[in-house]
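A.B. asks: Feature table excerpt (TrEMBL):
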DOMAIN    87-851  domain 'Myosin motor'
BINDING   Gly192, Glu193, Ser194, Gly195, Ala196, Gly197, Lys198, Thr199  ATP binding site
REGION    1090-1126  region 'Disordered'
TRANSMEM  1231-1252  transmembrane segment
Amino acid sequence: MEPGTQVWCYSESGDDPWILSEVTHRSSKSVISLKHLGGDTPGKTFDRALLPPAAGGGAGSSSDDGAKYEGVELANAPLSEADVRDGVDSDMISLPHLHEPAILHAVSERYFRGEIYTWTGPVLIAVNPFQRLPLYTREILELYRQEGLLRSQNIGNSNDRPLGPHVYSVADRSYRQMMSEQRKSQSILISGESGAGKTETTKIVMLYLTTLGSAGSSDTSGGDGDNGPDGSVMERVLQSNPILEAFGNAKTLRNDNSSRFGKFIELGFNRAGILQGARVQTYLLEKVRIGYHASGERNYHIFYQLLRGATDEQHKKYGFHDGLTGGLELSNYFHLTGQGGAPQLREFSDEDGLKYTLKSMRSMGWSDDKVDRVLSIIAGILHLGQVKFESTMDANGQEIAVIAEDRTVAEAAKLLGVDLDKLVTALTIRIIAARGELIRTNLAPDKASDARDALAKTVYGAMFLWVVNEVNNCIKWENDSDVRSSAGVLDIFGFESFAVNSFEQLCINFTNEALQQQFNKYIFKLEQEEYEREQIDCSFIEFPDNQDCLDTIQARPKGILALLDDECKLGQRGNDKNWANKLNQTYLPEKNQEISDNTRYSATKMQQVKGIFCIRHFAGNVAYTAETNFLEKNRDEIPLTAQSLFEEDSSALMKEIYAVQKKLSEDSGSDKGGPAKQKTVSQQFKVQLDSLIAMIETTDPHYIRCLKPNDAAKPKLLTRKRLTEQLRYGGVLEAVRVARMGYPVRLDHAGFFKRYRMLLPSVPESVLPWSMDDHNDPQTLCVKFLDILLAEGAKPVNYMSKDGITSRANKIRMAQRQPEPMVFPKSDVQLGLSKVCMRKGPHDKLESHRVFHQNASVTLIQSWMRGMQQNRRYLIQCDSALTIERWYRGCLGRARWWRLREAQASLLLTNTFRMQINRRKYNRGRRGTVRLQAQYRGRAIRKVNAATKIESYRRMYVWKSAYKKLKSATVALQCALRRRIAKKTLAQLKHEQKDMGKLKENNEKLKMEMASLKAMLQAQAASDAGKVQSEKAIAEKQKEIDRLESRIKQLEVELAKEKENVKKLENDLSVQRGSNQRLSQDLHYQKEMLSRAPSSPGGPMSKTHTRASSGAGVEDKLSKTHSRAVSANAAIPEPLVDAVVIGHTITPEALAMHRAEVARLEEQLEEERRVGRAARIEVKHLRAAIADKGMTDFTASTEISDNLSEISGSEYQQSDLEPETRYVTASLVKFILVFLLAFAIIALFFIIGNILRLHHDGIDRVRVSLIALDDSFNPSQAALVWDSDLLWSA
């Protein structure tokens, strides 16, 4: 392995297991140095050691002598754009180096180009793109159909190039081989892990096969497939998929539509190739998912489709009451569907899924009644999962389980169609048959919950088998004689290895192990056929057999499953721990032994303690945990209580479902005709697997390996480590290993000759041509080339010519590290009819010599190129020197010219600078002179203006000071006098206003009450009411008269107070007259003083003011101040001044008028009394009028008259008057009383109005007089100036 060789290096760390690297140095034969060219650490250097010959079968690369380096594989040359366009990498068998990194690199490169299909010999690798690609259109299907038709008739391809790898190619090849002369049945085996696209690939294969099978059928019907049982066979076969997916698929963490069972769909065709029907065989349904599924996963699709897609009517029918969920969605409410959170699917909704499922059921010919019964059982399983148990104690003190809610179990029994009591018994009681006797045991709550889940799993598993059976009845062919051959599609679970592996993983891996054994046989058979076609001896090739692994799992009596069945036969005595111990004793009998003799079984001491054992499968070592209910899952037996429940009191559909389950799980009976025994799951599975393998061996198999590029289900994302694991688990690398055990390197004649002709550069073209274009027999030319190559390789290396001259190329070869001699057996290179097949050792030697000569040629070419580069560099340097010289001389001339320009410019600059200096001096002097003149003139003018302003302010201050002194004195006097007068006058007005208003109000109320009393008396006299009503009316009138009497008394008291007020006003009037006389004297005095006062501010006026201010009384101050004001304003007439100064608030005329009003008020009051007396006469007259009604009325009338007499102050002797006289007198008195009352009220209003008017006029006169005292009255300094409106409102 020479330096410069590109290789793949294995890396255990990181997401990329194989990193492209380059050999940098070979220090010795056993160690090479390499450098990473990619990955996370490009440029990293490291060493790899040579593996010993015993380890040569591991992962490594062959050296020159056939040895291998640790974790190193040769890399293929990168493909050119033309090779990619021609699809050279579409079949990886054609690659020169075919190993794990080469397959990984080719698959990843094609994946990112959008090419998800790749051939690996007979195996088609399909990578899930996680997006919709335009690869399955009707046009593409027709292209592959036409291509297959032309190829089957040996016409050739319809295009220049054959179509690329596609799933249609596999389906078409199987159909064409089935229709060949042998008429041999075909099988297409599709495998891969969950999420790799097995289900979708199965649909595509079935679509293609059914399309070809119905092309010549006369009953082909298009449409939507909802044609009932009379629809086309193609439609019915395709419509079976949605039903199987609804009942057998579920969402997992890796896949939204993961098939939780294996299925083999066999399509039957007649002699003409027309589809006759189909048959479905299922394997190992994951029933444990019914009772438990992890977070983020879901139960089977049918549960969620029914809960989310059912109509309101179906909700009521199946007991789905949203009101009982506490706000939760139904899918999250039910125990069997809500454990994982009931997430939605990304590709389609559950509502649409239910519609599609129901449509498929009807296309199968199922009646609405059958569909309803199936959905009822599904709903019953959901309700069965809702059954909860409570703990109680029996008579023996043991804990037993009882149903917590009878309604739930009753609903489940109703929907399942079973007896309620027997369902309760099956959930809470276990029956064990021992020696012909039945032992009943009550279950604890936790055991009852396990029994509930086991019953649900049993019912659903039987339902699934019944659904498959019904689907087969609808799509199977009528007569077996009509089917000439068949094409089967196997959708099987891929190899699984998790952190904890249980019984399901053991069965799945056992299946893949058996299929891999069959696959190895098939690949070995193909290899033999390939060698026979090329006429190459292959007797030395050994077949890689993994039968020892199959025997470890299934062989009797010491196989793992056989020991598991034996442990299950022990009943309650058997357990997982004992079974694990028996396995260790069987396969690891020696002390401290950890690996079995056949190296397939292993368990360390720690694993043995934990009950863990390992099996080395074809894909790697897998650890299984025994204590994960291996025995319980293997038994999967139907309890006796459940058998009684299903066989006796159950619906017809439930009995039919149970019959299908019973038929599958029981043996046909012993040879002696004994009763049928129930088979374990492993026994059922082995029978099905043996049948499947036997059927596949009778057919021509075709293989499709589905790969999942990433776990995030995102497009354009590939995790190389995960892809490598799947290539190992899928058996692809195992197939490559089988294919490369003989002659792994295969090249066609032209490619072989073109690739290795360069190894003989000294052989002239006359002996061995350089091209095969002119030769018609390439095999003969390759044989000649090989003979010459071996002959030259046996000779010693001599790089000198006959003339003793060593060419330059040979000198380069001599300087390099010499490769190993090209010596190997000729039998290691076999020349077939169309291919050259080589073993690994000779191929690596040829490659090492090829790299050696390539390096020499490259070195020679590089030497010529370097010489040309040096010559070109010399010429460029000469031309550059001349250019630099020209440029330098030009620079010197430009520098001399520039210095001359600088001298001239300096003289011009000096003159201009001097001119600017003188100009700046002149401008500064001129600006200073102008500024000085302006400052001097402004200062002189400001002095004059300031003197003038000071003089004006002084004069203004003198006059303003004199004015303020006079004004302040005047205001002080005015305020004192105004306050005294105002307080006195305001008190009087308030008192008078209160008394007169009260009198007016009382008189008005008295008038209204008297009128009301008169109206009431008249109404009472005129009424013909009964005695009781009359008494009541008289009592009310008596109350009103009493109240009137009290008011009259109050009026008399107020009248007396008014008389006292009149007397008080008379006294105040006499006092006011004396004050007015003193004010008149002061006014005359002030006039005289003003007439004698000079005009100067500081003259006698100021002194007079001072003397007057120091007087004894406030009246003197007011008189003097008022006198000065009158003298200052001579335009005011003297009489007006006197009237204003005196300011009569109460004049004698007003007092006399007030006295007259009081007299008239007394007269009106006397008149009211007379009216009162008349009212009493009238009341007594009324009493006499109603005397015939009883003495009570007369008594009441007498009381009213007495009360009126008390109001008026005098008594009348009514008994002396006649009735007629009393009536006339009462009427007259009543008229006079009303008249006088009205007159008194009018007079009272007149009096009050006059009094108020007089007061108002007096206040206005006082205000005018006060304002006239000083023309410069300032409201802000005289806050006590009266306002008539304000006083009136007060």
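A Cβ is built for glycine as well, from the same backbone N, Cα and C atoms used for every other residue.
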A.B. asks: Please average pLDDT over the domain 'Myosin motor' (87-851) for the predicted structure.
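C.D. replies: Overall, the domain 'Myosin motor' (87-851) comes to a mean pLDDT of 84.
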A.B. asks: Let's check the environment of Gly197 (ATP binding site): how many other CB atoms sit within 10 Å of its CB?
C.D. replies: 23
A.B. asks: Near the ATP site, what residues other than Gly192, Glu193, Ser194, Gly195, Ala196, Gly197, Lys198, Thr199 in the same chain have a C-beta no further than 8 Å from the centroid of the listed C-beta atoms?
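C.D. replies: Neighbours within 8 Å of the Cβ centroid, excluding Gly192, Glu193, Ser194, Gly195, Ala196, Gly197, Lys198, Thr199: Asn128, Asn255, Ser258, Gly494, Cys706, Lys708.
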A.B. asks: Enumerate same-chain residues with a sequence separation of six or more from Gly192 (ATP binding site) and a Cβ-Cβ distance below 8 A; give 'none' if the list is empty.
C.D. replies: Ala126, Lys198, Gly494, Arg705, Cys706, Leu707, Lys708, Gln726, Gly730
A.B. asks: Using all protein chains shown, find which of the binding-site residues Ser194, Thr199 scores highest when you count other CB atoms within 10 A of its CB.
C.D. replies: Thr199
A.B. asks: In sequence order, what residues of the same chain, 6+ apart, have a Cβ less than 8 Å from the Cβ of Glu193 (ATP binding site)?
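C.D. replies: In sequence order, the residues whose Cβ lies under 8 Å from that of Glu193 (ATP binding site) (at least 6 apart) are Arg254, Phe493, Gly494, Phe495, Glu496, Lys708, Gln726, Tyr729.
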A.B. asks: As a test of the contact definition, list every same-chain residue at least 6 positions from Gly195 (ATP binding site) whose Cβ is closer than 8 Å to its Cβ.
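C.D. replies: For Gly195 (ATP binding site), the qualifying residues are Asn128, Thr252, Arg254, Asn255, Ser258, Lys708, Asp711, Ala713.
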A.B. asks: Please report the number of other Cβ atoms within 10 Å of the Cβ of Lys198 (ATP binding site).
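C.D. replies: A 10 Å sphere around the Cβ of Lys198 (ATP binding site) contains 27 other Cβ atoms.
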A.B. asks: To see if you understand the setup: which same-chain residues, six or more apart in sequence, place their Cβ under 8 Å from that of Ala196 (ATP binding site)?
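C.D. replies: Residues satisfying the criterion: Ala126, Asn128, Gly494, Cys706, Leu707, Lys708, Gln726.
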